[in-house]
Amino acid sequence: MVLVHVGYLVLPVFGSVRNRGAPFQRSQHPHATSCRHFHLGPPQPQQLAPDFPLAHPVQSQPGLSAHMAPAHQHSGTLHQSLTPLPTLQFQDVTGPSFLPQALHQQYLLQQQLLEAQHRRLVSHPRRNQDRVSVHPHRLHPSFDFGHQLQTPQPRYLAEGTDWDLSVDAGLSPAQFQVRPIPQHYQHYLATPRMHHFPRNSSSTQMVVHEIRNYPYPQLHFLALQGLNPSRHTSAVRESYEELLQLEDRLGNVTRGAVQNTIERFTFPHKYKKRRPQDSKGKKDEGEESDTDEKCTICLSMLEDGEDVRRLPCMHLFHQLCVDQWLAMSKKCPICRVDIETQLGADS
C-alpha cells in the first residue's frame, strides 16, 4: 500500500507501483463517461500503470475491464520514499471505492443530491431541454465535494416556471425567443368575450395554476392584449345587450298608475283664469302676473277653458301632460308625493 498525497488528502493506493521515481501523471481515458483515470508511471504508450477503478457503484463498464487487466498483473516491492508529487486539480471525477469512511459518506451524499436533481429535471422535460443545452456540466459529478454541493433551488424554480431561463443562461432579451402561444390559450386573444373569463374561485385557481407555468414574455403579451380599448368597448356593449335581453325576459316593470286610479285620486276640470282686482292696477299686455299659472311639465301657461288636472297635493297641470306622467310614476312631478298616499293621509 502506498500513501499518495493529493493536496491536503492522503489517499491509499492498493497494488504494485512501477517506476517509483517517475512523476505522477494524469491522462484521460476516451470513454463516453465524464470519469478521468490517473496513471502512475512515465508516459509510455506500451506500458500500463495501475488505474483507479472509476466505474460507477452499481453498474460496471466493460470498457474498463480490458484497460485494468494488465494493471493487476504487475508485482513488485513497495518503496518507502516517494518523489514529491504535484498538486492535482480533481474535477469531474467520481469518488473511488476505496475512499475512507468520511469521504465515502460524503460521496454518497453527493450522489443522492445528483439523483434528486436529475429526478427534478426529468419531471419537467421542457426545462430539462433548455437547461441541459445551456449548462451541460451541471449533471457531471465532481470530486471537489466542497464546491460541488449545490444549495436547494428556490420554490418558484422548482415548480416549473420558465421566466428564469434567460437570466440563468446569460442571454439578452433579444436573444431569448418567445415560443408560440399554445392552442388552449388562443381563445383568450381571438374572441374578447366576457363569458370566457372565470367567475368562480375554482376556475380562477385553475387558470392561475396554468399561467404560473407560462413564460414571462408571453404573459406580458397577454397583459398588453388586456389594455386594448376595443376589448373593453366590446365588453361594455355586450353587457348592455345582455341587460336588454334580461329586460325582454322579465317584461316591462310598471310602477305607474292605471287610468282608473288617476281618475279616482285626482280632480280633472276646465281651467278658469283668476282675474286681479282693478284697484291694484293693470299691467301691460304680455307681462306675467302673480295669478298666472304654468304647467311645469310642458312649461306652457295655462289658458282659460283648457283641460287640467289637480293632484291631491294641489299642484295643477295640463290633463294630457300629467296623465302621461302618472302612467309612469304615481308621484307628483314637483313634490314627489304619491297620489294614493296623500289621499289616505288626508282621509
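Backbone N, Cα and C atoms are what each Cβ position is placed from, and that goes for glycine too.
Marked as compositional bias 'Basic and acidic residues' by Swiss-Prot: 276-285.
In the three-state DSSP scheme, CYS321 (Zn(2+) binding site) is classed as helix. Here Swiss-Prot flags CYS295, CYS298, HIS318, CYS321 as Zn(2+) binding site, drawing on similarity to another entry.
Here the zinc finger (295-336) has, by DSSP, the following mix of helix, strand and coil residues: 10 helix, 11 strand, 21 coil. What Swiss-Prot lists as zinc finger is 295-336.
The region 'Ubiquitin binding' annotation in Swiss-Prot covers 310-314 and rests on similarity to another entry. On the 0 to 100 pLDDT scale, the model's mean across the region 'Ubiquitin binding' (310-314) is 91.
Just so you know, the Cβ of CYS298 (Zn(2+) binding site) picks up 12 other Cβ atoms within 10 Å once every protein chain is counted. Note on the binding-site residues CYS295, CYS321: the fewest other CB atoms within 10 A surround the CB of CYS321. Within the same chain, residues at least six positions away from HIS318 (Zn(2+) binding site) with a Cβ under 8 Å of its Cβ are CYS295, ILE297, CYS298, SER300, LEU302, GLU306, ASP307, VAL308, ARG309.
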